[in-house]
Structure formats: structure tokens, C-alpha cells
Amino acid sequence: MLKILIPTLMLLPLPWLTPKKWLWPTSLMHSMIIALISLYWLKNSSEEGWTTLNPMMGTDPLSTPLLILTCWLLPLMILASQNHMAPEPLSRQRTYISLLSSLQVFLILAFSATEILMFYIMFEATLIPTLIIITRWGNQKERLNAGTYFLFYTLAGSLPLLVALLLLQNSTGTLSMLITPYNDLTLTTSWSHKLWWAGCMIAFLVKMPLYGVHLWLPKAHVEAPIAGSMILAAVLLKLGGYGMMRIMVTLDPLSKEMLFPFIILALWGVIMTGSICLRQTDLKSLIAYSSVSHMGLVAGGILIQTPWGFTGALILMIAHGLASSALFCLANTNYERTHSRTMLLARGLQMIMPLMASWWFTASLANLALPPLPNLMGEIMIISSLFNWSWFTIILTGAGTLITAGYSLYLFLMTQRGPLPQHITALSPSHTREHLLMALHLLPLIMIIAKPALVSGWFA
Amino acid sequence: MNPLVLSLLILSLGLGTTLTFASSHWLLAWMGLEINTLAIIPLMAQHHHPRAVEATTKYFLTQATAAALILFASMTNAWITGQWGIQQMDQTIPTTMLTIALMLKLGLAPAHFWLPEVLQGLDLTTGLIMSTWQKLAPLALLVQIPNLNSNLLIFIGLISTMVGGWGGLNQTQLRKVMAYSSIAHLGWMILIVSFNSKLTLLALSMYILMTTSMFLTLKINNSLDMNTLATSWAKTPILTALTPLILLSLGGLPPLSGFMPKWLILQELTKQELPLTATIAALSALLSLYFYLRLSYAMALTTSPNTTINTAPWRLKTNQNSIPLSTSIALTAMLLPMTPTILAI
């Protein structure tokens, strides 16, 4: 574990000591080396137990895919930020890279924490660098409101979580994740137990986000610069899912009574946010609402608490992380050229950037869960486990799948196909850096098809 | 001010608080408090500005009232029990009177109304002394009293955190913001004093650290309101980048040190079977966080090359020693991993 953590900590002073010419290449190279070393975590020594265990941190098949996704994403963020940071003064570029690295440190500590309170502190700690990335380097004045919504929605959910965790610690004496699955809490349906249950869950539901408390997400994703959008979509939402999976093992059997409204809200959110996507004019906003839609499905899978549900949720989290981040990078290629997120202004791009159109195509197919991509695997497993619980849900999930396909197609056709408008015939062609970025997003996604057991969590 | 007079006043200030710390007799403690009040009065009024004199008068009246109440309460206890020991005050009426007196002295809600106006009339150094040093002696008395009425204290604590939060929301003057921040933090300290007084002292020390950082930052930037704060990026760029950390630490966000007292207080409250109190206190901290966040937006997160709301300030070299500030900022941001050490004390 320290093999990865200490190099990542060293990434913090790295930008400050590198000469200007080599700033971006060295940051990229070092973060990429760390990402490649992190792949050794894929070898989990036991099916359900903990690997690389030490008194504070450990990895298990649930956290490993998320950790590798986090480590993989840092070089991609650095690659994506290179262009829009170029006009800034040198010290601000260095601050930016340090900020991304500090976020990375907190995320690694969060996913590898074995004590739930450590996870909580790191979960909250990720808020500060993300807040600074959104509000300092966002591009429109709405970013301040976005940062406020982001911070306060998350904190309003997580402060009751802190109280609930402290109550759990008082009653069981420990908050270690190695022990909490074996807790015997004998929860009843009394008000206090129900409130405690809600306190445990709401923080993660807000983070996921669940439809109903999702309002922070479109604001934050849209106003953030590309690195912020990438890390938000790919990893920070998954913190909510991961936390929920960890805490749910202690919450039985009360969950059976408490879960109904949340599952319904999640599934209804899939349809509602999908429908909103069909009517969006703002490209990043469309991708943000599509994130809410996919994470609604993930929430449904986790809340249903079956092996297929958990497996599907984890696979969909990893697949959605890569696909959504890829879409944001593609949207950013448009934004850097036209400085506008309006889809109508940058359409028919297949004419001038055909290779980028193939990336748009693959990313849109990933978004709509085309087989054999892991997006589909995750969705099918979640939909099946929900169907097993109640056949009504197929109406919601089936309609949701249909709408997802609808807006993904809309996204692709709008940006790529159709006539090229006169005003953008002079856009600069794609950079190799952008192609590299897209390849690094989508090739791992395609490679997971070969061995989905890597990202399937406990029940591989 | 004449350096001899200044040193005399500062030494008296120290004497007063130390006297209160060292005493086990109520009369001596009261004397220490009075010496403290008398010593800071000339410090507050040193600039002879009408606003400063108004602040001094308001401070004197409230503190004198509170001290008289303390004297009355201890005298009542002496009538009933025949002794003046601070730690042997176990009658309910004197204890309640004393709690209310100390509430007035510290500036806790609902007796907080004097604090924003008094702080606003002071210059930043005296404001720092007012916010930090002057809280030591009354809290030292409060943690020593046995059998405190926990219902009253929880009530005061919750009301203070909420008043501190809501009151600070509409302020643009930084000294008033710091006053409401003081009220809120004192509320957290009072919440826990009847259960675990060590946590009160921990919360106090963390609060002093964070407030010192904030006041020293304001002093270097010579800024008294939010508009001036917005120009600090041109004067002190590194400090401008670090001030959001101080502000978010004041707001109690992990992983900064300001989270430590809040976490431990919430833990103690849940151990005492008060989870609802804990939740209400935690959520009211979000109110204060809003105005801290707004300050950090104005100062560091919205700098741009060409928009200043204020006229460009003179960029004068400052004589202020920066070592205290750098130390306190480092401690404000990075003390959270020391929590196990604190727990062992």
C-alpha cells in the first residue's frame, strides 16, 4: 500500500521542483508510473477477504477496482488539463497539479481505509480540493453557486453520518470494516433505529447522487474545469456507492423496511434524468444528467442487497467512470475550440475531425450500454436483480434503458452527424494528446470485456 | 502609546488571567477578572476614536455586570455553605447564577449582543486579545465548577452555535464576522463542559490557534471588510492561497485541525446519549461554514487580473513578523493526525 501512497504523496512537491519545460511531462510520467504499479492490486489473494492488510489500510476485491480507477485517472486528468492551463502563470499551474495530487492522496486513503471513520474523514477531505478546483478554475460566474451547492449538499448529508458512526462505535466498540460485517445489531423498527439507519445512508445517497438530492451534480459537473469534471464523474460519485456498500452490511435487517422509497426514487430518477437529457442544449449538462441516471441504477443495485446487485453495481461504477470521463473529455475538446458548451454551435464535427468522431461513437455506445462492454454487464445484472425482487421494476428499468439509448444517440448524432455549420469550418484539428486521452479512457473499458471478474468485487 | 504604559497594561492583563487561573477562592478569582477588565480598557480606548470609546464603554458595562453577578453568586454560596472554594460550589442557585454570569462575560447567546459591536470598535490587535486571551479566565472558572446544570449549558451551547451561524451571515465587516465566529465556537465549548471539560479546553486551544491565524492574516492585509480582503491577492499571494485553509478550518472541515474539537465533542455527546443535540450542533456549524466559504470566495477563489471592487491599495512593506503567522497556519491546517495523542491526555 505504501508503494503507491508514498509516491503519490511525493507528487505533491513534484510540480514545485520541476523546471517549467518539464512540468507537464514529468507530472504525467510519474502519475502514469504510479497508475501502472497500482495494477498489481488486481491480484487479490482471497475471494472475499482483505489483501495488503495493515492496521490502517487494506484492499479487498471491492475497493481494488475503484483504487485502480482512481490511480488511472490522475494521469488522464493531467493530460486533459494541459491545454487549458497553458496560458496561466507558472505558479498557478503548479498549484493546480499539486491540488489534483492531493485529491488523489485523499481518494487512495478513502478507498483503502479499513476503519469507517477514516473513510469518513477522507470522504470529507476530498471535498476541499474539489471545491477549490471548481470555484477557482471554473470558467463562469455560476461556479461559485456550484461550489456552494456541492459543499453544502454533501455536508448536510454527511454530518448526520458522523453522528451515526459515533453511535455505532459506542454500541459495538469498533468501526473496523473487518468486523462490521459480523455485527449483530438487532435493529428494530423504532424511530431511533430508523433515524440512525437514515443517518448512515443519506450521506452516500446524496453523494451518489440519488434523484431528489441530485441538484448539486449538474451544477458542479458543468462549472468544473475538465479535470474537475473527470474526477467528479469517475471517482467521487463512486465514493458514495462504495461507502453505501460498506455500511449496508451492518444495517440488516432494518433495511428491508426502510429501502422502498429509496429504490423507487432511484429508478424514477433514471427515467426522469434520462428524459431531461433528451431536452438538453448544454453538452456538459447532458453528460452530467446521464451520470445521475447511471448512478441511479447503481443505487438501485446496491440498495437491493443481492450478490448480483452488488456485482452489477461495482461493474457499472467502473464502466461508467471510464465512459463518463471519456465523454467529458470529448465535450472538453469541443469547449476548447469553441468556448461554448451549446450543442447547437458545434455540430456535424465528423466532417472536420473524423477520428475524434470514432471516439465519440465508442463513448456514446459505452454510455448506452452496448454489449459486450462492461456497461451492459453491470446494467443487466442490476436489472435482473431488481426484476427478481419485483417484476414491476422492469417497466422502470426497461424504459430507462430505452431513454438512455435515446439520449446517447441524440448526443452522438447532434455533435457528429449532420451538416457542418459555416462558422466552425476553421476549427483546429485534433491533437495527438486528445487522441491519447481518449484511447487511455476507452481501451481499458474494452479490455475489461476479456476478464470482467477483475471488476466484479466479492462475487467474482 | 508610551511603551512603559503599554507594558504595564499588558503585564496587568497577564496578571489578571494568571490570578484567576491560580486561585481556589472566589474572591481572588473575581479580583483577577476585574484586573483583567481594568487592564484592557485603556488598551481598547488607546486610539481615542469615538467608536473605540463606545466599544470600551459597552465592554466595561457588560463585564462589570458579569463580575458583580459572579461576586453575588459566590457570596450566596458562601452564605449557604460557609466557604468560598471554587471547586466546592455545589448549590444549584449560585451555580446557575454563576453560569449566567460567565455566559455574559464570554459573550455566549443569549447574552452575546455586546460582542459584535465591541469587536467592531477595536483595532485588529486588540480584537485578537479580546477574542482569545479574554476567554481564558472565564472558561478556566467554568471548567472548575462541579455539578453544572447540563440542560442549561446544552441550551446555551446550541443557541450560541445557531446565533453565531445566523448572525454572521449578513456581515461584511470582518471583525463582526470574527465576533459571530467566536460566539459559535464558544457554543461548541459550552456544549461539552458538563460532560468532559478537557474537550472544552481542547476546543478552546484550537479556537485560539485558528483565530490567531485569522487575525494575523487580517493584520498583514490590513483589511477590515470583505472588499479590502478581495485585494489581498496583490499584496500577499501566498497568504491569500493559504487563508481558505484557515477559514475552512474555522468551519470545521476535515482534514483540517478545526475538525478535531468538533469530532471529539460529537463523540462525547453521543456517548452521553445525546445524538439529537449532536446532530443539531453539527448542522448549525454549516451556517457558520457558509460565511467562511463566502470569505474564502471573495479572497482567494475569485481573483482575476482586472476586477477589484475596491480602489487599488498602496502596497507597502510591512514590519510585521511573519513567524507567528506561519507557525499558526501550519498548526491550523495539519494538527488532525494528532488526535490520538490528544485523546490520550
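Numbers here mean position along the shown chain, with the first residue as 1.
Just so it is clear, glycine is given a Cβ too, placed from its N, Cα and C backbone atoms.
Just so you know, TrEMBL annotations never went through curation; they're auto-generated.
When the ranges A:172-190, A:286-304 are checked against TrEMBL, the one recorded as transmembrane segment is A:286-304. Among residues of the same chain six or more beyond the transmembrane segment (A:62-81), those with a C-beta under 8 A of the stretch's C-beta atoms are 4, 8, 11, 24, 27-28, 31-32, 34-35, 38-39, 41-42, 44, 51, 96-97, 100-101, 104, 107-108, 111-112, 225-227, 230-231, 234-235, 238, 242, 245-246, 314, 317-318, 321-322, 325, 329, 332, 433, 436-437, 440-441, 444, 454-455, 457-458. Beyond the ends of the transmembrane segment (A:21-42), by six or more residues, the same chain brings 3-4, 7-8, 11, 14-15, 51-52, 59, 64, 67-68, 71-72, 74-75, 78-79, 82, 90, 93-94, 97, 101, 104, 454 to within a C-beta distance below 8 angstroms of the stretch. Segment contact is absent for the transmembrane segment (A:117-137) and the transmembrane segment (A:286-304), given fewer than three CB pairs below 8 angstroms at sequence separation of 6 or more. Same-chain residues lying 6 or more positions outside the transmembrane segment (A:390-415) and placing a CB less than 8 Å from one of its CB atoms are 263, 267-268, 270-271, 274-275, 277-278, 280, 283, 286-287, 290, 293-294, 296-297, 300, 327, 334, 343-344, 346-347, 349, 360-361, 364-365, 367-369, 379, 382-383. Tertiary proximity for the transmembrane segment (A:286-304) is limited to same-chain residues at least six positions away from its ends with a CB under 8 Å from its CB atoms, namely 205, 208-211, 214, 217-218, 221-222, 233, 237, 240-241, 244-245, 248, 255, 259, 262-263, 266-267, 269-270, 273-274, 276-277, 280, 310, 312-313, 316-317, 320, 324, 327-328, 331, 343, 367, 378-379, 381-383, 385-386, 389, 393, 397, 400, 403-404, 407-408, 411.
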